[in-house]
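Participant: Dumping the structure here so I can ask a few things about it.
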Amino acid sequence: MMGYMSITRAGCAALDAADPMSDYRDEFVLPDGVVYLLGNSLGALPRRTAARVAHAVTAEWGQDLGASWNTAGWWNLPQTTGDRIAPLIGAGPGQVLAGDSTSIMIFKALGAALALRPDRPVIVSDVDNFPSDQYVVQGAAQAFGREIREIGAGTPMESALGADVAAVLLSHVDYRTGAVRDMATVTARVQAAGALMIWDLCHSAGALPVDITGADFAIGCTYKYLNGGPGAPAYIYVAPKHQEAARNVISGWHGHATPFTFEPAYQPAPGVRRFAVGSPPVLSYAALNASLEIWEKVDMRSVRAKSVALTELFIELTEHLGLELATPRDPVERGSQVSYRHPDGYPVMRALIDMGVHGDYRAPDLMRFGFAPLYLRYVDVYDAANTLAEVLGKELWREDRYHRRLPVT
Ligand SMILES: *Cc1c(COP(=O)(O)O)cnc(C)c1O
């Protein structure tokens, strides 16, 4: 009881001094006076990114112009970048392709999975999943003539699995609560029913170790924990066992077997390359690759250990404040975020941001705090918890200006 009272800022500073990951903070640009607990939404800017993007603009584009498709490796960016993402999700070379946005990758994964299960009419979708995942399932069901079976909100997956299910799309880590699913167990159940498992790794990659081997498809974004920058390319994982048969429903020329013969008929490239579509956003790839250089050195087990320590510290410092914890209390069951419910979550979050603690708000009542282990310190967690206590204790959130909704919450 009252364990939080024995935690001091000096104690947190000592944890930072002993933190084997503390050097990574210097890799990032972090504004003074801000505790950034939004790395689960838009990761911080790596210091090396600006120079890398400037090089792509001034040298690759400005001087070398179109030759850069060959000389700067532009043409192969989806594959070379995918190969750099692969170790972060437990995949091997040639299994991950970068490109497009997460939403488009979901459509492509669903299209490929459904074509591999032509006689099964059902897509299983989680009503608690991120809305775009659900919307794309709805669009894919319409486009490919399938039906949707919903799970979540109390309906367990087991009740939805049957001989009529073609594919199941689930998030590994819940974007609202941070709850983690047991990937291996769920994948095994889905496959035992003869269906294909598609994992959304948006809140997993860079937050905790992922072992995607065994799954059929996976997709994810790179602008959250991976710090690729706003609008950074997404990625798709295609299991080796499906690579020969899986087809890209958006059969563009960058996924063609011989794009520079300019044949009228589409022929898929071998391997994951067929999941490319059209011209890649080269400047965004430059930013993403700058960040992936940092990730190449990172040990995901250390990331997880620090992530658990940070979220645990935040909960210990704040659970007496009378908020309802939406995140699992057992660290084994949570990702790298902590979410609290509060009926006035929106103005509370606005007041917090005003005081330099950046989290976000998800309707109807959720305050999300993301903990990016590469650049957050234990003292940041201590300061954030104190600020939250102050906003609630002094009811600073009651000010009118915090109640007016901005377009992006
Ligand atoms: C962030 C996120 C997305 C975002 O999709 P975009 O197409 O990149 O905008 C989709 N799904 C989940 C689960 C997410 O967390």
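Including glycine, each Cβ sits where the backbone N, Cα and C put it.
Quantities reported herein were computed from a predicted structural model and do not represent experimental measurements.
Okay, so TrEMBL annotates it like this:
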type: BINDING; residues: T102, S103, F130, P131, S132, D133, D200, H203, Y223, W253; note: pyridoxal 5'-phosphate binding site
type: MOD_RES; residues: K224; note: N6-(pyridoxal phosphate)lysine
Participant: For the pyridoxal 5'-phosphate binding site, please report the maximum Cα-Cα distance among T102, S103, F130, P131, S132, D133, D200, H203, Y223, W253 in Å.
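Facilitator: It comes out at 31 Å between the most distant Cα atoms.
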Participant: For Y223 (pyridoxal 5'-phosphate binding site), which residues in the same chain are close in space, meaning a Cβ under 8 Å from its Cβ, but six or more apart along the sequence?
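Facilitator: Y223 (pyridoxal 5'-phosphate binding site) has long-range Cβ partners L42, G43, G229, P230, G231, A232.
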Participant: Which state, by DSSP, holds S132 (pyridoxal 5'-phosphate binding site): helix, strand or coil?
Facilitator: helix
Participant: What is the Cβ neighbour count of K224 (N6-(pyridoxal phosphate)lysine) at a 10 Å cut-off, with all protein chains included?
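Facilitator: I count 27 other Cβ atoms within 10 Å of it.
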Participant: Including all protein chains shown, what's the count of other C-beta atoms within 10 A of the C-beta of F130 (pyridoxal 5'-phosphate binding site)?
Facilitator: 20
Participant: Within 10 angstroms of the C-beta of S132 (pyridoxal 5'-phosphate binding site), what count of other C-beta atoms is obtained when all protein chains are considered?
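Facilitator: Here the count is 14.
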Participant: Which state, by DSSP, holds T102 (pyridoxal 5'-phosphate binding site): helix, strand or coil?
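Facilitator: Going by the DSSP assignment, T102 (pyridoxal 5'-phosphate binding site) falls within a helical segment, counted as helix.
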Participant: Using a 10 Å cut-off, grab the number of neighbouring Cβ atoms around the Cβ of D200 (pyridoxal 5'-phosphate binding site), all chains included.
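Facilitator: Around D200 (pyridoxal 5'-phosphate binding site), other Cβ atoms within 10 Å: 26.
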Participant: Looking at Cβ-Cβ distances, which residues of the chain lie under 8 angstroms from T102 (pyridoxal 5'-phosphate binding site) while being 6 or more apart from it?
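Facilitator: Counting only residues 6 or more apart in sequence, the Cβ neighbours of T102 (pyridoxal 5'-phosphate binding site) under 8 Å are S132, D200, C202, I219, G220, C221, A234.
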Participant: Could you state the CA-to-CA distance between F130 (pyridoxal 5'-phosphate binding site) and K224 (N6-(pyridoxal phosphate)lysine) to the nearest Å?
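Facilitator: Distance (Cα to Cα, whole Å): 14 Å.
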